[in-house]
Amino acid sequence: MATRAMLGVFRKHSIASRIASNYKLLSTLVLAEHEGGSITASSVSAVEAAKSLSEDNSVSILLAGSGTSLKEAAEHAASCHPSVSQVLMSDSDKLSHALAEPWARLIHLVQQKGSYSHIIAASGSFGKNILPRAAALLDVSPITDVIEISGSHQFVRPIYAGNALCTVRYTGSDPCMLTIRSTSFPVVPISDNARSDAAPIFQVDLSTFDEDARGKSRYVKQSSQNTERPDLGNARVVVTGGRGLKSAENFKMIEKLAEKLGAAVGATRAAVDAGFVPNDLQVGQTGKIVAPELYIAFGVSGAIQHLAGMRDSKVIVAVNKDADAPIFQVADYGLVGDLFEVIPELIQKLPEKK
Amino acid sequence: MKIMVAIKRVVDYAVKIRVKPDKTGVETTNVKMSMNPFCEIALEEAIRVRESGRAAEVIIVSMGPQQCVDTLRTGLAMGADRGIHVETRETLFPLSVAKLLKALIDVEKPELLIMGKQAIDDDFNQTGQMVAGLLNWPQGTFASKVVLDKEKQAVTVDREVDGGLETLCLDLPAVITTDLRLNQPRYATLPNIMKAKSKVIKKYTPDELSVQIKSDLEIVQVTEPPKRKAGVLVSSVDELIDKLKNEAHVV
């Protein structure tokens, strides 16, 4: 039933667009991650990226999981972005944790039915884990961490820790698979009445979903870092500390300042390795990529690998004792000084956040 | 059991790279090359498993031009038992590497493939996931802790994910890709460097492994990222706050 409905949507759409233009029809599958009954902000960015492939693009969101939180997430997905034309919901215990093995099979299954021209995910740990595996099953080369879409098959991505930009063209057969850097595809918030009509939600027919992938990997547990501060990946302001903080105790000053600014806290690899903070706060080539409006770095020297994670921030402020620290070469405002004096002064003098 | 480790020769992580004037790529001649840092971690982990008595042999594999043999020698000096070099001059994208690895795994039959989560040159972060998919083996990506249970034929992996850590249990054979915090790789000692010279490195070509190098990606150009405009040094916190408020309008 769901398959027939899906095909129906395509047929209608494809006839309409063939009349409208001679361009090849694009249809994109967005792999979405959900949490607590709504899809993640980075998944919505992936929809935004799908839109920039072509205005005339039929965008389907693929969701998987089980139970009521999946249903809520599907409803959220159906109305999260004006470009969404349908939501495909895969309800199965096998998919209740985002394991790569069943997910890759699911993508393979959905692609066989839907023949999408593109498959996109945000390049977080979810997309990076799953999409390449699915690409191998489909025998296509995926493209990681796209920051700019310059044509339906031409993309720009950073290489060498962001020290060079590489334009690649995909010349293989469909689907063209990519992960996108969500900070490069910011979502314009839509007003409530812009999307009164939610996109239809279909159940994916999982009757042919093989048992093969099951049992070979099992979810054991998750230990998450619960913080009340905004998510590092999406925060408007990020305050980061490096080795210069000297101890976990001193890192509390950074947290206090972040609180005052309504900011997320980040860290360098040195600070994480020294045990000041957990590793999910790491910003850089191997950690998170952020592009906030304001990035303040305290006691950060500015190694290539760190700069790779924050060089696209709008305004960068650096506070460091060492006037020759490389961070000053990318900072808009630099202050040479002792952070143990500067941070308390900032906390005292900064205006309260609205 | 055998462990296979895939290693890549890349521009040393400390080198400040230069984009070629003709925009075809990054300058790699006369530039210091080393083993990709994530691959070092993968190899270190494999050697530790062997040292704990849970594996008999560590085989390292590298693909690319003749110079990859140097990288393999480094790995042998760290403690790998033998090497395999798949020689090719073509540009290898992860899909081809994954297919070559699968072909080698069909020959060598290791029960564990450990490799880095990404190479620091192309930053793709794909090969491990792709080879796991081709083999239909379970995958433990971005591993920060690996515990092998030989009796249960399973491996428990702590993975670094966006919100913290996730623990998975994988049936062997499996593919693991390593994150930075998994371990601290050792240095090769002089006696081991000498010993490494007599260790075997077997050569293959993609043809011998019946792997077609697929080229469905084309590099159009490589350019330098846009430069940030020069910033200013401020002399006091007051001046900084003033600039952020009245010039940048961010606080």
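Sequential numbering from 1, following the chain as shown.
Cβ coordinates come from backbone N, Cα and C, glycine included.
Automatic, uncurated: that is what TrEMBL annotation is.
Residues or ranges marked as FAD binding site in TrEMBL: A:ARG243, A:268-269, A:282-286, A:299-306, A:ASN320. Annotation comment: TrEMBL describes A:28-213 as domain 'Electron transfer flavoprotein alpha/beta-subunit N-terminal'.
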> Among the binding-site residues A:ARG243, A:VAL300, A:ALA303, A:HIS306, which sit with their Cβ under 8 Å from a Cβ of chain B?
Replying inline: none
> Which one of these binding-site residues has the most other Cβ atoms within 10 Å of its own Cβ: A:GLN282, A:GLN285?
Replying inline: A:GLN282
> Which of A:VAL300, A:ALA303 (the binding-site residues) has the most other Cβ atoms within 10 Å?
Replying inline: A:VAL300
> If you draw a 10 Å sphere on the Cβ of A:ARG243 (FAD binding site), how many other Cβ atoms land inside?
Replying inline: 16
> Which value does the mean pLDDT take for the domain 'Electron transfer flavoprotein alpha/beta-subunit N-terminal' (A:28-213) in this predicted structure?
Replying inline: 92
> Far apart in sequence but close in space: which same-chain residues, 6 or more away, have a Cβ under 8 Å from A:HIS306 (FAD binding site)?
Replying inline: A:GLY242, A:THR268, A:ARG269, A:VAL283, A:GLY284, A:GLN285, A:VAL300
>> Using DSSP and collapsing to three states, where does A:GLN282 (FAD binding site) fall: helix, strand or coil?
In response: strand
